[in-house]
Amino acid sequence: MKAILALEDGTLFHGHTFTGEGSAGGEVIFNTGMTGYQEVLTDPSYTGQMVCMTYPHVGNYGINPEDIESAHIRVAGFIVKECCKEPSNWRSTMTLPEYLTSQGITGIEGIDTRALTRHLRLHGAMRGYISTDVSDPQRVVGLAKGLPSMEGLGLADRVCCDAPFTWSGTAMEPAKIVDGTYAWPGTGPRLVVFDMGIKWNILRLLTAQGFDMLVVPYTTTAEQVRKLGPDAVFLSPGPGDPAALTDLVHTTSLLVNEYPLAGICLGHQLLGLALGGRTFKLKFGHHGLNHPVKDLQTGRIEISSQNHGFCVDIESLSDVELTHVNLNDNTLEGFAHKKKPVIAIQYHPEAAPGPHDSRYFFSRFRNLVRKETGK
């Protein structure tokens with residue numbers, strides 16, 4: 001079935017759908033990873049975005065239940081050069097088209113993804129719309145123009161939990177209530193995790209560090225956190241513009257004075273804002289598995305997994321030590337507060353997908369909590 005991808009600037013890409021009749025709209029970005037499409041599809045940080053995979057052949061190892069990063073597909077639409085309909089992998093339980101179709105996600109193939117990527121790289125990420133109704137392309141352009149801009153858009157409410165939950169090691173479980181309050185499930189150092197779109201591999205790696213976790217909605221107040229009695233606080237990744245989450249920025253500005261804190265991606269940006277910094281939108285973002293980052297504390301070069309469209313302005317921060325920098329564009333990738341037990345990185349140490357060069361971040365946070373609390 002014929003399909004069209006229309007960008008807000010009027011650029012058109014003609015292809016065909018591999019998910020049947022449908023439509024989708026969102027910010028169009030590109031991901032340079034050669035593998036990991038299943039993790040990309042289920043990463044909550046891609047909410048509101050249509051992802052173009054630059055690798056030309058996608059879907060060859062199918063879909064399996066082990067490699068998902070959340071309960072649902074999160075991308076608004078999926079764009080590939082060629083979709084494999086006959087995967088070959090011993091873990092595969094369904095094809096990529098079957099997976100997308102089962103959750104009502106529109107996919108388009110047969111377009112020149114290299115040309116699309118170059119266009120986005122030159123002109124920046126922009127709104128786009130996929131439609132199988134190709135009779136009036138300018139109407140589809142109009143639909144793209146009518147979509148909200150990612151700047152100023154808060155999307156955490158679309159992906160966060162409704163109520164606190166715990167992590168069993170393999171699955172989410174509703175937090176138990178004992179004597180009128182949420183009960184901690186174990187005996188390790190208590191960690192409140194703010195959910196703005198948490199990835200499951202982050203929960204796995206925090207569990208591996210021995211943390212006893214309660215994952216809470218991002219709307220949880222500082223007073224509610226205090227009543228839970230944690231030893232530390234963690235801010236998750238998530239989608240959208242961090243500056244739109246004004247209440248959470250305020251909450252974070254209070255918590256940094258009371259607990260050891262760590263943040264990843266959106267959590268990193270929120271900590272930057274809470275400490276008086278500014279954020280800005282990148283031209284086309286960092287989305288891929290091979291971004292070089294330098295750890296300024298050790299001099300070590302890491303190959304990192306990244307997925308963000310916003311960044312903290314280096315010049316806007318005070319009382320912090322810059323710990324990581326991107327070697328492609330010299331943007332900020334991590335910082336630590338000079339006086340408070342606060343650390344944050346912009347990229348994804350949990351990978352999923354991607355290299356494991358940066359997984360030390362979780363043990364670094366664990367050591368920070370141990371130093372501050374004795375636990």
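Using N, Cα and C of the backbone, Cβ positions are placed for all residues, glycine too.
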Looking at Swiss-Prot, which one out of S23, S45 binds L-glutamine in the same site as G238, G240, L266, Q269, N307, G309, F310?
S45
Given the binding-site residues G238, G240, G309, which one has the fewest other C-beta atoms within 10 angstroms of its C-beta?
G309
Under DSSP, is G309 (L-glutamine binding site) helix, strand or coil?
strand
Confidence summary for the region 'CPSase' (1-186), mean pLDDT rounded:
97
What are the sequence-distant neighbours of C265 (active site, nucleophile), meaning same chain, six or more residues apart, C-beta distance under 8 angstroms?
S45, S236, P237, G238, N307, H308, Q346, Y347, H348
DSSP on G238 (L-glutamine binding site), three-state: which is it?
coil
